[in-house]
Every structure is written in structure tokens, then in C-alpha cells.
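Worksheet: the structure to be examined is printed underneath.
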Amino acid sequence: MSLRPGRAHPLAASPLHTPLPARPRPQLRLSTSTSCAAMKSYRLSELSDAEVGGLKARPRIDFSSIFGTVNPIVEDVRMRGDAAVKDYTVKFDKVALDDVVVRVSDLPDVELDPAVKEAFDVAYDNIYAFHVSQKLPEKTVENMKGVRCKRITRCIGSVGLYVPGGTAVLPSTALMLAVPAQIAGCKTVVLATPPSRDGSICKEVLYCAKKAGVTHVLKAGGAQAISAMAWGTVSCPKVEKIFGPGNQYVTAAKMILQNSEAMVSIDMPAGPSEVLVIADKYANPVHVAADLLSQAEHGPDSQVVLVVAGDGVDLGAIEAEVSKQCSALPRGEFASKALGHSFTVFAKDMVEAISFSNMYAPEHLIINVKDAEQWEDLVENAGSVFLGQWTPESVGDYASGTNHVLPTYGYARMYSGVSLNSFLKYITVQSLSEEGLRSLGPHVAKMAEVEGLEAHRRAVTLRLQDIEATVTV
């Protein structure tokens, strides 16, 4: 996920977490450009360990002032419910709503252009196929005779899915979040997305929502939408877990609410979108530039990193392509600003290149080198990996089948992207026979005695006494 007009991604593990100040990057600029797409350049062999470590730091997001804005919204929605959501929708979206929530079952089928419908149908099928394959069979293990243990799977009963509006419509995010919820069997699925100026919802988002089993649509965005799903209102069901992207205010609301009395969890912390591209001399400069820009265009806070692996790479051709393509993009101004705080790294070989990538832990990792598949085993930290010259990051964003809600800000070191598991919970079950308790009980009683927990010990020994009495009789 990312703080962009689109998918959101990880940034802070708890509402109490504020990112530490970023270490300054080494001032070893090897090349500059007067183009709209200038990127700083560094050679790893010339940097100290501290300087290399500084390159992994992301631009800092200061949530202190944002919390001051979001907290009153969270509390207002808690107290006034639908009325507060309507007021904030007028204030921020300039829309006066009659109804905040609509039931998807009450909506008519959505008519789309045939080519658009086919594209989303293909995406749905691929996303469904990949996520349904993640189902695991239940297994029962008999650890010792008469002692059986297993883990059973249950869905999270109610979930909230946030699909941003902003400067771009994102029906792809509706699929990425709703399809695994559908497979998991979540009974209540609330999709929140900002309404357009006439109070309607993007028809492509509605099509995807209906196809993927969404039950309710909340016509609201921002912190007020997150708050409505977390607290519940007269018209909006309360959810148990909230997923999805958003701007800094959406992220702040998720951070605040996950440790509040609302008792709601969130998918992951979130920060700006990012990509790291590893390219060797065989990579097509046109493709490399396009991949860098596909992330940079998300917004000025996005970050792109180019890692040049080995000798023979025509960096000048890549820079020229970046400048050429950037100037032709409708969102070129966003891309240019993002490139202004992005950078290029020179690695002596692929081992050093992937080692740097593992330290950086990117949301998206593109390995555009000859025989890319052979390097997969070295990858330790990345949200999603794209191997080879024919695998642009865009396919993962839309329709290859993998999920595009991914950890950013370096959280790929310890977080995974959204998957079927994100919508499931696992419950352990144990069942002992009389023989099983006779075998295991004395050991449990002894451990309880060591820990000084007499009631624990007696829960076992009293049963063992009953067993012995039965045997004696």
C-alpha cells in the first residue's frame, strides 16, 4: 500500500509509532541532470557502511500535526455517526449525501464498455486463481498416543476495504481487497470510497465490488470513512479489520483506531509507493525508464531506485528515456518531483546489487537482467518481485494475480503483502483421550509445579486421580 492517489502501504506499526528522523544520504553525487527527471547517483564501492545504510532511509513523514487533525474526526464520527460522515463529506468532497451506505444487493447490474469489462474479468479470474490456491488443508497431528492437535481456519467475520478516490479511480484496488475476502468467506464486507461530485460511485469500482462479493458500499473517503467502519454507525456495519490504501489522513486514522476502544485491526502500516529496479547491460533502457516512471507517477512522495549491476549499462540512454517519457506523461509533474528524491546505485555485480536491495527492502523489486530467475533465491526482503524483461511492475498492479497491497517504507523486512491469510484467523484445537492424559499429564503437572501454579497442576492431577480410581474399580 502507499500514500498515493491509489494503493496505500505500510509505514507505522502502531498508532504510537512515529518514524525516526531519516539519516542524511551521503553527498557523493556522481552525476546531475538539468532534465525534469534528475536522480542522484552513488557507487556502493565508494561508500562507507554508514553511508550505504543511509540510502535505505525513506523521506520522513511527520504524523504529529496529522494526528491533531484526525483525532477530532475520529471522535466526532464515534459520537455522531452518519451525521458526522455526511458533514465531512460536504466539507472535504463537496457532496451532500442522502444515504451514506448502500447495500450492494440493492444496486442494479453495472453496464461497462465490453473491453473494460473483459479487462476486469480477466483480472478477477487471475486474482481469484492465485488467492484460492493459498488455501491450506487442515491437518491433525498425534504428537503422542492419545494427544491430538490441529489448527482450524475461520474467516474474519466483518472487514472494511478502503478504495481511495483522489486524482485517480482505483477499481483494481477493489479487486485486490475484495477477492481474497470473498474466498475467505467474510460475511460482511464494507467497501468505502469517496463519492464523485454528483454523489455517485465510480461504476468500475461498483462492478468490481459486486463481482467480488462486497455487501455494503460506504460513500465516503478519508479519516471519516475509516472511523465509520471502525466504530460502526446506524447505516454502516462495524468491521473487525480494515484494509487498503489512502493518504496520510487515512493512514493516521487507521493508526489511531487500531489501538482504540474500537477494537479494530489493520492490514499493515503504510507509506509512499516505491520500486527498486536492478538492471544489467542486457536491459532495454526504454523498459527500465518506463518501470521507474510507473511508480514515480503515483505521487511526489513516491520513491524509485535504480541499481546498475556490473559494467556495460548505458546509463545515459536510461536517463534520456526517463526524461523523454516523463515529459510526455499526464502526471509528469508528480513523476518529476518523485525522481527528485530518488537515486541510482552502482553495484559491482548481481550479488552486491541484490544485497543492497535486501537492505532497502522495496515494495516492488524488478530484476531486469539476463537469466533473472537464477537470482530469485537470493532475494530476502521485497513486497513483490518481477523477474525478467517481460515482467513490468504494472502486471502485478493490475492482473497477473498477485496482490498489489504491499509493505513499503522498508517494512518488507518483517511484513508480507495482503493475501488470503490476511482475511483468516487460525484456531488451535487439542483433544486428549484418557490414555493421552495418563501419558502427558504427569509432565504437565510437574511443569506447573515448577512455575508455582497450583490450580494448573490440580486441573491435571484431579483428572488423573479419577482415571486411577476407575482403573482400580
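Glycine is treated like the rest: Cβ placed from N, Cα and C.
These numbers come from a predicted model, not from an experiment.
Annotation comment: Swiss-Prot describes 1-28 as region 'Disordered'.
For SER273, GLN295, HIS298, HIS364, ASP397, GLU451, HIS456, the entry in Swiss-Prot reads substrate binding site, with the evidence type similarity to another entry. Look at HIS364 (substrate binding site): DSSP puts it in a strand.
Counting every protein chain shown, the Cβ of HIS456 (substrate binding site) has 15 other Cβ atoms within 10 Å. Secondary structure from DSSP puts HIS456 (substrate binding site) in a helix. Taken from Swiss-Prot, the feature Zn(2+) binding site covers GLN295, HIS298, ASP397, HIS456.
Neighbour count (other Cβ atoms within 10 Å of the Cβ, all protein chains): 32 for GLU363 (active site, proton acceptor). Feature annotation from Swiss-Prot assigns active site, proton acceptor to GLU363 (among others).
Per Swiss-Prot, active site, proton acceptor is recorded for HIS364 (among others). In sequence order, GLU274, VAL275, LEU276, GLN295, ALA382, GLY383, SER384, PHE386, GLU393, GLY396, LEU406 constitute the residues six or more apart from HIS364 (substrate binding site) in its chain with CB-CB distances below 8 Å.
Between SER273 (substrate binding site) and GLU363 (active site, proton acceptor), the C-alpha separation comes to 7 Å. Ranking the binding-site residues ASP397, GLU451 by other CB atoms within 10 A of the CB puts GLU451 at the bottom.
Distance from the CA of GLU363 (active site, proton acceptor) to the CA of ASP397 (substrate binding site) is 12 Å. All protein chains shown were included, and the count of other CB atoms within 10 Å of the CB of GLN295 (substrate binding site) stands at 30. Counting only the Cα atoms, the space from GLU451 (substrate binding site) to GLU363 (active site, proton acceptor) is about 45 angstrom. Straight-line distance linking the Cα atoms of GLU363 (active site, proton acceptor) and HIS298 (substrate binding site), rounded to a whole number, equals 14 Å.
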